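Here the structure comes first, spelled out in structure tokens, and everything after it is commentary.
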């Protein structure tokens, strides 16, 4: 039987929210089988818990935000991406702010935290959501789609009119049967343009942004002294975001995702349309490990 997984130990980190600029204390705690991923606002009395599920998605203009009543938790996608990438099913995530810490702008520090805590199997079957038919959303020149595939594959294309983007690949297809999430995706950082910075600051956004937690570009070049971590870091970060958004389905996806110039808003619309199209998916478990798509085998996920 392919089993659910949680952390072996409690692990903590501190950082700042990229939009609020506030200091955030983050604690990851093991959770029982069938709990799922639960965010807990421990700065509130009583504590408010928000499940990482599609029906709690709120604002998606700059990041993926979860809401419950008037309580919100912003920028959940990087941590969710890390949890999906290493295969954690059940977890309590305590935080003392309405936004997760941005860390270095990638999922790498979260992967390190998870690996530091250790992962343990639980005595309950892991559920997957398997795509049975294509579901697509198009909006002008943007599109997102999921379709059947016996594994986990993401294709993504971006299109920025900037000298640096023209030099680097703006399209990528990653099949996770042969691609290591940890090595080849998790360290891709979020990026932004200096030309947008003034507008963003005027609107009291990105108060915690810096060259330590984002790739920043002027009209011609990257301002970060260390340069790119991957030649295709820009499009890989978009893939990292997609993996986090997809994990709001509450289960690992068996299927293929394709996106063109999409962001969190279009991603969330696709998730809602998918779940509403009952004939397009099914929940599956695997008694026989040999039937599991290779992308989800322990060998592939820990590489």
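Each residue, glycine too, has its Cβ placed from N, Cα and C.
Feature annotation from Swiss-Prot assigns Zn(2+) binding site to 78, 237, 241. Swiss-Prot lists 264 with the feature active site, proton donor.
Taking each of the recorded positions 78, 237, 264 in turn and counting other Cβ atoms within 10 Å of its Cβ gives the largest count for 78. Secondary structure from DSSP puts residue 241 (Zn(2+) binding site) in a helix. Non-local neighbourhood of residue 241 (Zn(2+) binding site): 64, 77, 78, 81, 263, 264, 267, each in the same chain, at least six residues away, with C-beta under 8 Å from its C-beta.
Each of 77, 81, 106, 107, 188, 190, 238, 239, 240, 244 belongs to the same chain as 78, 237, 241, is absent from that list, and has a C-beta within 8 angstroms of the C-beta centroid marking the Zn(2+) site.
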